[in-house]
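Enquirer: First the structure, which I've put down as structure tokens, then a few questions once you've had a look.
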Amino acid sequence: MKDQYKVLYDPIKIGKLEIKNRYVLAPMGPGGMCNADGSFNKRGIEFYVERAKGGTGLIMTGVTMVENNIEKCALPSMPCPTINPLNFITTGNEMTERVHAYGAKIFLQLSAGFGRVSIPSIVGKVAVAPSKIPHRFLPGVTCRELTTEEVKEYVKAFGESAEIAKKAGFDGVEIHAVHEGYLLDQFAISFFNHRTDEYGGSLENRLRFACEVVQEIKKRCGQDFPVSLRYSIKSFIKDWCKGGLPDEEFEEKGRDIPEGIEAAKILVAAGYDALNGDVGSYDSWYWSHPPMYQKKGLYLPYNEILKKVVDVPIITAGRMEDPELSSDAILSGKTDMIALGRPLLADAEIPNKIFEDKYDKVRPCLSCQEGCMGRLQNFATVSCAVNPACGREKEYGLKKAEQIKKVLIVGGGVAGMEAARVAAIRGHKVTLIEKNGYLGGNIVPGGVPDFKDDDRALVKWYEGILKDLGVEIKLNVAASKENIKEFGADEVLLATGSSPRTLTIEGADKVYSAEDVLMERKNVGEKVIIIGGGLVGCETALWLKQQGKEVTIVEMQNDILQVGGPLCHANHDMLIDLIKFNKIDVKASSYISKKTDEGFVLNTNGEESIINADSAVVAIGYLSEKDLYSEVRFDIPNARLIGDANKVQNIMYAIWSAYEVAKNI
């Protein structure tokens, strides 16, 4: 381990509680981790214990509701201590005792709830808020204003929940949140809070709710019981449901930095022992849940400001897994602790691996949010695109095979590599053959843009892991019925992937696939048409625009990003906003019919116009490569399709399907 990284393992205190190192499991939505009575289930316990086992010093649970009457949530959705305190203490004790066995501490994150950003599938179409304001997700729905008495009930519920948490063995609590536009944050922001009672008006009044919460907890649990606060110094709200991009000039409608500084001082003076800082809101979700289009360490400039104005530890998340970045952030005084959320979904052992000088063995988070936020927004259990066992560690972990088999895998894309990894871990003798001279499949062209560097890192990780596991890899070997039969495998997995759909345009010769352009096999010129406004088309357009090209997207649907996915809201919204911000022209409900001497002919709802361009780049989806399977299916009955060869889907389902099949060989 580099000397610089040693600071990541220095102890630190939150209040009087000592944490063994600087790593924090960032609190994340606990989908699938609780019982109907608000207590923790086995999945939830195993999830948090696994991260403690991986070396994280402070475990923070996902959001836990303090009550379920004022803002009634469908159960089971989130834990809640006050529904059945006895069961909560029983299951909580099992969790905290096991977490403590690894030398970690654990905080329970307590929440007042969602308010105007309530998830309809959880709360329904009735929402509460500080004032009568529009709902974030339900057009035409106005939130009910909470009464003064209800606010005071919330404060008492926070105190009661913290007492229960302390009895369950939690070392402290985190308050959720003067952050991201949740209910407590809505009270703190004048854009949302129009009240005239003691909880509205001045900044001090708008923060009264959050201040009374920490004071109530300290009164019940003792002044030494640590309480941290999830806090956003800036909201990045342009308007209702509209966020501001990096480097974009706009009028902040939420909390801006000067008020954020004053608010932080007031909150710390009220008794908060640490600030878990970030920026953003549900109106600018791509700040709170940063996609791959955001810079790594995006919160550091803002938390550095907090560090200078308050005297409590500052915790920073935001794509911070690289030890070079995280250690420098601490040494340069920008933060005190490093919170990892999604990276610890991808690999629970990041702190241990860095300590053991094995950072190259860390499975990278892609910031795709397909397995975490993408699933939570669809009311599914939390997991990870690149780690299928995440959130179901015990029931879905890998075990040694009872019978060792000879396994042949055809294709070295992500499905093939994952199947090889899983089969080898289970003890099988694995050979992987790949027709190209490299591994990675479609992720290789997809990983070309700078903002997709973690895709490239995933391929590199697989290469290293497969080598460590002793998988025999044969590149530049095309599979055939003859050489598969000659190999004599007990199991054959065909991960032959998918190939881009093609398109012929009358009169045009410079029509290229997005793959050929990304791999720099073709020169597109200076003016480019992208045919297809799905994920590949939009990301290719953004990449070309960053090179100074003039880019037009032509899409048959009525908007871009309508087909495929589903994408997490944050990724979807940021990509659309980046397309607009970068002045990439979008022609929706349109198609290119032909090319003439004047240019490409655009047909929009029956009306024709001309687009002058040097070339057209086709990104209209992929087709499964099933030819080999069709050829061998009757002669080699133990051959099975996996990944895109079985069904074209996103990277998560390619990996998950490969894991499932290889797990059961």
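Glycine too: its Cβ is placed from the backbone N, Cα and C atoms.
According to Swiss-Prot, the protein carries these features:
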| type | residues | note |
| --- | --- | --- |
| ACT_SITE | Tyr182 | active site, proton donor |
| BINDING | Gln109, Arg230, Arg319, Gly341, Arg342 | FMN binding site |
| BINDING | Cys365, Cys368, Cys372, Cys384 | [4Fe-4S] cluster binding site |
| BINDING | Ala415, Glu434, Asn442, Lys452, Ala479 | FAD binding site |
Enquirer: Using C-alpha atoms only, work out the spacing between Ala479 (FAD binding site) and Arg319 (FMN binding site) and round it to an integer in Å.
Expert: 39
Enquirer: If the FMN binders are Gln109, Arg230, Arg319, Gly341, Arg342 per the record, what's the largest distance between their Cα atoms, in Å?
Expert: 21
Enquirer: Please report the Cα separation of Cys372 ([4Fe-4S] cluster binding site) and Arg342 (FMN binding site) in Å, rounded to an integer.
Expert: 8
Enquirer: Fill in the CA-CA distance, Tyr182 (active site, proton donor) to Arg230 (FMN binding site), as an integer in Å.
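Expert: Approximately 11 Å lies between the Cα of Tyr182 (active site, proton donor) and that of Arg230 (FMN binding site).
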Enquirer: Restricting to the same chain and to sequence separations of six or more, state which residues have a Cβ under 8 Å from that of Arg342 (FMN binding site).
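Expert: Those within reach of Arg342 (FMN binding site), by Cβ under 8 Å and sequence separation of 6 or more, are Met28, Cys365, Ser367, Gln369, Cys372, Cys384.
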Enquirer: Within 10 Å of each Cβ, count the other Cβ atoms and name the one among the binding-site residues Cys365, Cys368, Ala415, Ala479 with the highest count.
Expert: Ala415
Enquirer: What is the Cβ neighbour count of Gln109 (FMN binding site) at a 10 Å cut-off, with all protein chains included?
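Expert: Step by step: centre on the Cβ of Gln109 (FMN binding site), count other Cβ atoms within 10 Å, giving 24.
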Enquirer: Compared by Cα position, which of the binding-site residues Ala415, Asn442, Lys452 is the closest one to Arg319 (FMN binding site)?
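Expert: In terms of Cα distance, Arg319 (FMN binding site) lies closest to Lys452.
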Enquirer: Which residues does Glu434 (FAD binding site) neighbour through Cβ under 8 Å, counting only same-chain ones at least six apart?
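Expert: The answer is Gly411, Gly412, Gly416, Ile473, Lys474, Leu475, Asn476, Val477.
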